[in-house]
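Asker: I grabbed these lines from TrEMBL:
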| type | residues | note |
| --- | --- | --- |
| ACT_SITE | HIS11 | active site, tele-phosphohistidine intermediate |
| ACT_SITE | GLU89 | active site, proton donor/acceptor |
| BINDING | 10-17, 23-24, ARG62, 89-92, LYS100, 116-117, 184-185 | substrate binding site |
| SITE | HIS183 | site 'Transition state stabilizer' |
Amino acid sequence: MAIGTLVLLRHGESVWNAQNLFTGWVDVPLSEKGTAEAIRGGTLLREAGILPDVVHTSLQRRAINTAHLALDAADRAWIPVKRDWRLNERHYGALQGKDKKQTLAEFGEEQFMLWRRSYDVPPPPIERGSEFSQDADPRYAGLGADLPLTECLKDVVTRLVPYWESEIVPDLRAGRTVLIGAHGNSLRALVKHLDGISDSDIAGLNIPTGIPLRYDLTEDLAPTTPGGTYLDPDAAAAAISAVANQGR
Ligand code: DG2
């Protein structure tokens, strides 16, 4: 028997996605296109008859605002919200603020893809106090030694799964429909966990902006449909290949 429905929503296009810059923990806003994608995501939820009862987001405005715009479009802006840094995007270390195309040209395909998609090779750490570091950001003041200076996907799995288990699974077990507003790589980490994707195969998985991905889960938290179901599969397929080809 299925327990509650889970919907994963990567934020709409951000202004740095539009400029092809590595973003990570830098708190950039949505672009105009991203705002429209978020509203469209909510319309898709409404049309599918999916009514979230609770929303979990990262601490980053592109995910917070996308979830809000989507819920507003679905007439669910009033539901309870939980936010946590464990849903944040992967910290992109010293690559934060760098142009993806220039990085590819400077370091070559192999290194570029190791940094972007390998499971366990983090980019070089960001320098404390540098322009795109978060060490003076008050929202992370309580993190202490947990504040990352860089992360690989494995690090994201390590910090995200405890939040999944302690905060999100109880909502699902209570029969709630849960919306998660998060990011390309934090959602890749969650999908890896849900679908049991291997460390090497996860390199080939990309998540498009603004298109809700629905999962129905069994009692033992296995997806009834492996990989879930995008609410607009054609748009998702096109957007997935655009993400895969970023930097080229
Ligand atoms: C992107 C993902 O994260 O980039 O940090 O640049 O989802 O928060 O826009 P998001 C970033 P890639 O790993 O796909 O290059």
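Counting begins at 1 with the first residue displayed.
Each Cβ is built from the backbone N, Cα and C atoms, and glycine gets one as well.
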Asker: Among the recorded positions GLU13, GLU89, which residue has its Cβ surrounded by the fewest other Cβ atoms within 10 Å?
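Answerer: Per-residue Cβ counts within 10 Å for the recorded positions GLU13, GLU89 bottom out at GLU13.
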Asker: Among the recorded positions GLU13, TRP16, HIS183, GLY184, whose Cα is within 10 A of the Cα of GLU89 (active site, proton donor/acceptor)?
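Answerer: Passing the 10 Å Cα cut: HIS183, GLY184.
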Asker: Across all chains shown, how many C-beta atoms besides its own are within 10 angstroms of the C-beta of ARG90 (substrate binding site)?
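Answerer: Other Cβ atoms found within 10 Å: 27.
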Asker: Distance between ARG90 (substrate binding site) and HIS11 (active site, tele-phosphohistidine intermediate) at the Cα atoms, whole Å?
Answerer: 14
Asker: Measure from the Cα of the residue listed as 'active site, tele-phosphohistidine intermediate' to the Cα of every one of the recorded positions GLY24, LYS100, HIS183, then give the nearest.
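Answerer: With Cα distances computed to the residue listed as 'active site, tele-phosphohistidine intermediate', the winner among GLY24, LYS100, HIS183 is HIS183.
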Asker: Given a 10 Å Cβ-Cβ cut-off, pick out the one of the binding-site residues GLY24, GLY184 that has the most other Cβ atoms nearby.
Answerer: GLY24
Asker: Counting every protein chain present, what is the number of Cβ atoms, excluding its own, within 10 Å of the Cβ of LYS100 (substrate binding site)?
Answerer: 19
Asker: Taking HIS11, HIS183 as the recorded positions to compare, which has the smallest set of other Cβ atoms within 10 Å?
Answerer: HIS183
Asker: Taking DSSP three-state, what's TRP16 (substrate binding site) in: helix, strand or coil?
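Answerer: Reduced to three states, the DSSP call for TRP16 (substrate binding site) is helix.
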Asker: Between ARG10, TRP16, which of the binding-site residues has its C-beta surrounded by the fewest other C-beta atoms within 10 Å?
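Answerer: Result for the binding-site residues ARG10, TRP16: minimum number of other Cβ atoms within 10 Å at TRP16.
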Asker: In whole Å, how far is GLU13 (substrate binding site) from HIS183 (site 'Transition state stabilizer') when you measure between their Cα atoms?
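Answerer: For HIS183 (site 'Transition state stabilizer') versus GLU13 (substrate binding site), the Cα atoms are 10 Å apart.
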Asker: Going by DSSP, is HIS183 (site 'Transition state stabilizer') sitting in a helix, a strand, or coil?
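Answerer: Looking at the DSSP assignment, HIS183 (site 'Transition state stabilizer') belongs to neither helix nor strand, so coil.
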